[in-house]
Amino acid sequence: MAPAPSFRGHQWTYNPVRGSCLLLLLLMSNLLLCQGKSCPSCGPDVFVSLRKSFTDRFMNAASLSHDFYNLSTIMFNEFDEKYAQGKLYYINVTKSCHTNSFHAPEERDIVQQTNIEDLSKWTLVLLYSWNNPLHHLVTELQHMKELSNAFLSSATRFENMSEKLQAFIERQFSKIIVPVLNTMIQARSSWTGLPSLMSSDEDRRHSEFYNLFYCLRRDSRKVDMYIKILTCRTHKTC
């Protein structure tokens, strides 16, 4: 089996022809489902209507990713205000993110040059990487009685948003799932903060919560940017 491709930001170049072909193939795959069947929707305007449905799905995903990032920012700011004032949790927090080893691009000019396949791969890499820590984050927050029900509800909603975004990318780009998993295995990235999150030492526990909320906000911003650029590509507006 060939090794999984390497996705370093400085090596990426966006090929508009390849990107357009990928979108066309995705649309044509839906058309092929109608062959040999009685299909009322397979009239002369089927391509236009399929493309509209395709782009509408991306618009919905872009709206969801926007809310995804905004909610992560709200949660970080609220936790920071309530628990981190006068603390030194922010020191070295950028080095604590478990997704650092992926080197997922965050500069917009680099992301804009990235092809559709790699953008979708990076989106899934980040979302998959948060499944375990996000589950434990939501679970452990339930034990913090001083947090408002609204905050706990936001954390649960955020986890649901992540699942919906994953499902969307998986449906649109199913062939990238194995390469994504290979990339994650090769990066040897894993979250090791569970002992701190469950510690009886309140300061240690709060420090880990702070790290998670900080890194979650950073990575959700990347996911939002990737999906918005994928969306503008489908609309041919960028």
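Using the three backbone atoms N, Cα and C, a Cβ is placed for every residue, glycine included.
According to Swiss-Prot, the cysteine that forms a disulfide bond with CYS97, out of CYS21, CYS215, CYS232, is CYS215.
Note on ASN70, ASN160: Swiss-Prot annotates N-linked glycosylation site at ASN70; no matching annotation appears for the rest, which is not proof of its absence. Of all Cβ atoms in the shown protein chains, 14 besides its own fall within 10 Å of the Cβ of CYS232 (disulfide bond). Taking only the Cα positions, the spacing between ASN92 (N-linked glycosylation site) and CYS238 (disulfide bond) is 36 angstrom.
Rounded to the nearest whole angstrom, the C-alpha distance between CYS97 (disulfide bond) and CYS232 (disulfide bond) is 29. Between the glycosylation sites ASN70, ASN92, ASN70 has the most other Cβ atoms inside 10 Å of its own Cβ, all protein chains included. For the pair ASN70 (N-linked glycosylation site) and CYS215 (disulfide bond), the Cα-Cα distance reads 14 Å. Taking the Cβ of CYS215 (disulfide bond) as centre and 10 Å as the limit, one finds 24 other Cβ atoms among all the protein chains shown.
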